[in-house]
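Colleague: Below: one structure in structure tokens.
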Amino acid sequence: MKKSRGLSDYLWAWTLILSTLSGRSYGQPSQDELKDNTTVFTRILDRLLDGYDNRLRPGLGERVTEVKTDIFVTSFGPVSDHDMEYTIDVFFRQSWKDERLKFKGPMTVLRLNNLMASKIWTPDTFFHNGKKSVAHNMTMPNKLLRITEDGTLLYTMRLTVRAECPMHLEDFPMDAHACPLKFGSYAYTRAEVVYEWTREPARSVVVAEDGSRLNQYDLLGQTVDSGIVQSSTGEYVVMTTHFHLKRKIGYFVIQTYLPCIMTVILSQVSFWLNRESVPARTVFGVTTVLTMTTLSISARNSLPKVAYATAMDWFIAVCYAFVFSALIEFATVNYFTKRGYAWDGKSVVPEKPKKVKDPLIKKNNTYAPTATSYTPNLARGDPGLATIAKSATIEPKEVKPETKPPEPKKTFNSVSKIDRLSRIAFPLLFGIFNLVYWATYLNREPQLKAPTPHQ
């Protein structure tokens with residue numbers, strides 16, 4: 001029956017065309033000829049839709065409907081780290097074969113718009129990881145439909161999709177991601193509808209040369225894949241495209257890394273100030289600690305609240321530890337300075353001089369010599385004894401204290417051994433940390449994790 005109907009359509013169309021050609025002259029087609037062509041294709045479309053049921057898929061009960069797809073990306077981006085999503089603008093193409101739409105006519109391809117698409121069966125394709133999808137309708141629905149004479153259809157539409165992009169931020173901001181775009185049939189299992197890529201994997205998804213709309217990422221490329229997803233209603237074919245992104249580090253070097261490095265260097269300037277400069281060293285320590293706190297808070301604002309530490313978090317934490325250690329170092333030096341002992345073993349408190357004993361002893365507000373003489377009484381009795389008494393009288397002598405070699409006085413510009421050690425140890429350790437940090441993360445291969453789709 002299908003063959004007879006197709007043959008009658010073919011003969012009828014050619015009869016009309018030959019009848020119009022019999023009276024035409026060579027040159028531009030007349031208005032009557034154009035009107036006749038319009039009538040021919042109108043009749044063809046009417047006959048195609050006569051008895052057509054768009055509720056039934058092609059090959060129902062006979063075969064599996066194969067839908068071939070490919071994607072042309074006109075715009076990719078932006079990518080939101082906070083919401084873990086990206087936006088993509090595509091021309092989404094689907095092709096399948098419907099024997100009910102075979103025709104014979106003067107043209108091998110019927111080029112139609114969206115009005116015809118609503119009257120025939122089309123795949124119920126949806127995006128598994130799409131948060132919001134928009135079909136453009138200005139000024140008319142951006143849809144294209146082409147029907148070839150053997151019943152093969154090409155259905156193209158322009159879509160803007162906002163899709164999920166699971167991100168693993170352990171290496172942030174030296175991280176890389178594979179953002180998936182997953183689509184498939186919503187109602188038909190793989191026993192009814194299967195999806196295939198139209199071309200080889202390298203050409204099935206193409207990004208326009210000027211299609212990147214990314215400020216913080218580089219689009220490295222894309223890969224395609226397909227798989228089967230098991231759900232409670234059956235097994236479904238899922239087509240997946242991964243867009244591989246690598247983050248640009250320049251913004252974060254300027255906004256976070258350089259300020260952190262400069263803050264650590266500034267905190268180490270206090271080691272070169274003398275230990276008696278308490279106000280200056282206190283200002284250095286407190287200011288740098290507060291600066292690091294502000295930098296750590298601002299660096300986290302642009303990221304989602306993840307439960308693990310990122311590479312930037314580790315860098316900020318180590319810088320914070322260096323700054324805080326510099327403040328503790330000054331507190332330690334100041335503590336020993338106040339106690340009067342420097343770490344070089346010299347006393348800061350000067351030694352008090354010893355008192356010289358006075359040979360006179362004060363008694364009852366009068367001074368008396370330590371050796372009492374009774375010369376006047378003896379002189380009255382015997383002049384000889386008086387002479388002996390005078391000679392026996394001990395005259396007091398001044399006792400001089402023992403002299404010790406003077407110790408070198410402590411100057412106000414003295415340097416503690418802790419400061420001397422810190423001037424070398426802190427910059428050396430911070431330089432080693434930076435060398436290990438940047439060598440580790442910059443040479444690490446991107447870990448692109450693509451979770452298995454599910455429904």
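Every residue, even glycine, has its Cβ placed from backbone N, Cα and C.
Annotations per Swiss-Prot:
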BINDING   ARG93, THR156  4-aminobutanoate binding site
DISULFID  CYS165-CYS179  disulfide bond
CARBOHYD  ASN37  N-linked glycosylation site
CARBOHYD  ASN137  N-linked glycosylation site
SIGNAL    1-27  signal peptide
TOPO_DOM  28-252  topological domain 'Extracellular'
TOPO_DOM  274-278  topological domain 'Cytoplasmic'
TOPO_DOM  301-310  topological domain 'Extracellular'
TOPO_DOM  333-420  topological domain 'Cytoplasmic'
TOPO_DOM  441-455  topological domain 'Extracellular'
TRANSMEM  253-273  transmembrane segment
TRANSMEM  279-300  transmembrane segment
TRANSMEM  311-332  transmembrane segment
TRANSMEM  421-440  transmembrane segment
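Buried or exposed, and what's around them? Tell me for each listed feature.
Modeller: In the three-state DSSP reading, ARG93 (4-aminobutanoate binding site) counts as strand. For ARG93 (4-aminobutanoate binding site), the same-chain residues that are 6 or more apart in sequence and have a Cβ closer than 8 Å to its Cβ are THR69, ASP70, ILE71, PHE72, LEU154, TYR155, THR156, THR198.
For CYS165 (disulfide bond), applying a Cβ distance below 8 Å and a minimum sequence separation of six or more within one chain yields VAL79, MET84, GLU85, TYR86, HIS177, CYS179, PRO180.
Annotation note: ASN37 (N-linked glycosylation site) sits in a helical segment as assigned by DSSP.
Taking the Cβ of ASN137 (N-linked glycosylation site) as reference, no residue of its chain lies under 8 Å away while being at least six apart in sequence. In the three-state DSSP classification, ASN137 (N-linked glycosylation site) falls within coil.
In the topological domain 'Extracellular' (301-310), the DSSP tally of helix, strand and coil residues is 1 helix, 0 strand, 9 coil.
Remote same-chain partners of the transmembrane segment (311-332), defined as residues 6 or more beyond its termini with a Cβ less than 8 Å from a stretch Cβ, comprise 170-175, 252, 256-257, 260-261, 263-264, 267-268, 270-271, 281-282, 284-286, 288-289, 291-293, 295-296, 299-300, 418-419, 422, 426, 429-430, 433, 437, 441.
Using a Cβ-Cβ cut-off under 8 Å and counting only residues 6 or more beyond its ends in the same chain, the transmembrane segment (421-440) has close neighbours at 261, 264, 268, 271-272, 314-315, 318, 322, 325-326, 329.
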Colleague: If you count the other Cβ atoms within 10 Å of each Cβ, which of the recorded positions ASN37, THR156, CYS179 comes out on top?
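Modeller: Per the Cβ count within 10 Å, the most buried is CYS179.
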